[in-house]
Every structure is written in C-alpha cells, then in structure tokens.
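Data block below; observations after.
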Amino acid sequence: MNPNQKIITIGSVSLTIATICFLMQIAILVTTVTLHFKQYECDSPANNQVMPCEPIIIERNITEIVYLTNTTIEKEICPKLVEYRNWSKPQCKITGFAPFSKDNSIRLSAGGDIWVTREPYVSCDPGKCYQFALGQGTTLDNKHSNDTIHDRTPHRTLLMNELGVPFHLGTRQVCIAWSSSSCHDGKAWLHVCVTGYDKNATASFIYDGRLVDSIGSWSQNILRTQESECVCINGTCTVVMTDGSASGRADTKILFIEEGKIVHISPLSGSAQHVEECSCYPRYPGVRCICRDNWKGSNRPVVDINVKDYSIDSSYVCSGLVGDTPRNNDRSSNSYCRNPNNEKGNHGVKGWAFDDGNDVWMGRTISEDSRSGYETFKVIGGWSTPNSKLQINRQVIVDSDNRSGYSGIFSVEGKSCINRCFYVELIRGREQETRVWWTSNSIVVFCGTSGTYGTGSWPDGADINLMPI
C-alpha cells in the first residue's frame, strides 16, 4: 500500500470512529432524557389531589471511549394516586381501652378565649385525627354564652381542630349546623350540616370544601343526624338521619353519598322502633350503627347498612346489660335482640357499642338515671345471646361523682387491623350547675389496646367556682 492509500485508509477509519462516537453520544443523551421522564410519569388522580412521593436519585456513570457522563436527576414531587378507603382489614383484638387524648377546654376557658360547644365527636383522615363540636357562636367568657343550654340556634357552627387542640378563636368553622356528621372517604372530607327552622331545616352536604348537595326536612319536625362520624367504603358514604318525634314514631332514612352527592336514600327497615344519634363504624363490606331509642327502649338499636345494594336491617343489642340512660338496674334490665325492652325508654343519651364475635364491647354512664360517670366493659355473648349479662374487663373512665354526657365511636386503620376508639363528652354548666349561665363541654378519648392497662378517672376537672359566670 502506497503512502497515499495509507493516509486515505487511516482518515476513513478515523472518520468512521468519530461518526460512531457522535451517534453513540446522541443515543446516550436520548436514553437519559427518556429515562428521566419515564421515572416521573404518574397518573393524575381525580380532583387534582397530590401527595408527595419519595424522591428517587438516579446516578448514571456511562464511559464510552474517553467520554464520562454523570447525570443526576433532581428531587421532584410526584403526584400519587389517592385511593378511597375500603376498611377491609379485620377488627383489632383488644383487651380493653387506653387513654389517648383530653382537651381540657373548660379549665382553659377560665383564662382564655375558648368556644362554648356541645355534641363533640372525633374522626380521622388516613393520616391524622380531628375533633369536631357544634359551637354556640361565642366564647365562654362572653355574655353571649348566657343560656347556651339551647340546642338549635342559627349561630351554631361545626368546629374542626386537630385532636387535642381546644376550640380557640382561630378554630375553623366548617359550616352552619346545629346537628352534624363528618367522615373522610380517603380523598376528601364530607360534612353533613343541619340548620334552619325546626319545622323546615336544611341538611347541606359539603365535600372537599364545596357545597355539593342538600336536602330539606321531610317530616317537618327537627331533621337531625348522628353527632358522630359517618362511614365511607369505596367512595360511598352513609349517614343516618331522622325527622319526626323525639318521643314517638319518627321517619329515619339512610342516605348514600358519593363525593358529596346524594345517590340513594333508603328508609329504615327491620325491628328498630326509634332511631336517633347513631354511632357508626365500618364492618366490611357494610356499615354498622349503634343508636339511641328515645321512645320505647333503653336497649340500643342496631342498624346494618349494605353499601352495595342499599338494603337496611335493624334490631337491638342482645346484651341484658343495656347501654342507654335512664335504664333499669342490671338485675332487672332485659334485652332480647329484636325489639325495644320498654324499660325507661322515653329520653336517652347518645352512646356506642361494637361487636366482637359473639361478644359486645360497650360504654355507658355509671348512673342509671343521670349523665354521671362513665364505664366500659365487654359482655360475653352480648352480641348473639338474648339477655346475656356476663360482664368482664370493666373500666372506669369517669368516676360516678363527675358528669359525663354523649359518647360515640370512631375507627382508626392500622397496618394490619382496624382499631375502635371512643370519646366521652364531659358536660359542665347548666342545668345542674346553676352558678353559671352557660353550658359547654370538654372531651376525653380512649382507644382499644391489646396490652395491659391501669385504672383512673378522667373527669372534666374544672372548678366551677373559678369559672366566668
């Protein structure tokens, strides 16, 4: 090969190698960019909700001939699909209840601006628990707090704070309401807020901060709802509402709601005679509620809700140790599962219970006649055996010398099971404490535990003589 041919050959080879290197660098660049965008491709969820996902740092060291490429993907916030809650995990096995939270609202009102409230409850989103109550449009140390014993005024609003944070002046007023229920479907909060005239009230359905639907009174006699959390399964939320006599036949309906819109209404069916102020919990694939019979029974009604076909059944808790107040003493009280016991049925108080196999856990006032003291216990066979009375694992939450009030259930989903928790309303002021003109409350909260626990009493604790009049 002559010198000219050698030069041409070397030049051609060099040009070919250079071309290959150039094309490879283009391929590397395209691959890197493609991987970058594929790494962060995420489906956009409905209603534009995003949750931060863990950032992933990808380092690529690619060596090609004499070129070194170091590519680092920056940290990014990636939209992650938020799913509806389905509550399909089993119920936690518990030995009793352990202290969880206490807000001390009345004690703090002696020296601070705290709302006057009643009808409190607790509900949780997937990450945090909140306390709710119906405010009276005034703080306690304020002349507007006079005569706040009345349940229904146009100034009452639903208040919402993180659990354990008393309702201070900066508290959010979610809606106008003198009766309410709230629950989180996994994507957003639903609030059911009842207000208006006794004979023509309105229930507003607020979802994700927006008014979505409403319904008017259907019996023109104090439309009212649960005063505790509703329950959502796979995007369908259920709420029990009653309109009609508080001491006679009333018209109870179960509303099915999807993202704030009423999609179905079922009438109450089964053997329950009177149903108010239900304490509901998820019992997959349905919802179960323990309610107040304010007409015939001191045994509590049970309402079973089928979320799939909208069917309803109702009965009564079988335990002969009954849960309402007033009631007969435990020796003479009865319950036979299907019907009201006709024992001191007129009047009552909101309460709760939940099934545990054939047994039942329940809470009630210690007093048989007044809203004083509070206790919890398990009744063996109390869910399935008529008039069962074998009580175990009794705990005192509030001693009998101190006032209690409404109580209700809420559910918390853990890693492997669903825990049941309850709150107790600790009422202070009128009617019993006539030194002051106001009526308000604080709360104490307990949750189920599989561990051991001690004893105590957790009353409101405010000295009424130190309180504003």
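Just so it is clear, glycine is given a Cβ too, placed from its N, Cα and C backbone atoms.
Feature list (source: Swiss-Prot):
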ACT_SITE  D151  active site, proton donor/acceptor
ACT_SITE  Y406  active site, nucleophile
BINDING   R118, R152, E276, E277, R292, R371  substrate binding site
CARBOHYD  N61  N-linked glycosylation site
CARBOHYD  N70  N-linked glycosylation site
CARBOHYD  N86  N-linked glycosylation site
CARBOHYD  N146  N-linked glycosylation site
CARBOHYD  N200  N-linked glycosylation site
CARBOHYD  N234  N-linked glycosylation site
CARBOHYD  N402  N-linked glycosylation site
REGION    91-469  region 'Head of neuraminidase'
Confidence summary for the region 'Head of neuraminidase' (91-469), mean pLDDT rounded:
97
When distances run from the Cα of E276 (substrate binding site) to each of the recorded positions D151, N200, N402, the nearest one:
D151
Sparsest-packed among the recorded positions, when each Cβ's other Cβ atoms within 10 Å are tallied, from D151, E276, E277:
D151
Taking the Cα of the residue listed as 'active site, proton donor/acceptor' as the centre, which of the recorded positions listed as N200, N234, E277, R292, N402 lie within 10 Å of it?
none
I'd like to confirm something. Which of the recorded positions, N86, N200, N234, Y406, has a Cα closest to the Cα of R118 (substrate binding site)?
Y406
Count the Cβ atoms, other than its own, that fall within 10 Å of the Cβ of N200 (N-linked glycosylation site), considering every protein chain shown.
11
Here are some binding-site residues: R152, R292. Which one has the most Cβ atoms within 10 Å of its Cβ?
R292
What's the number of neighbouring CB atoms sitting within 10 A of the CB on N146 (N-linked glycosylation site)?
13
Binding residues R118, R152, E276, E277, R292, R371 (substrate) - maximum C-alpha distance in whole Å:
21
Measuring CB to CB from N86 (N-linked glycosylation site), give everything in the same chain under 8 Å that is also at least six residues away in sequence.
I233, N234, Y284
Rounded to the nearest angstrom, how far is the Cα of R371 (substrate binding site) from the Cα of N402 (N-linked glycosylation site)?
9
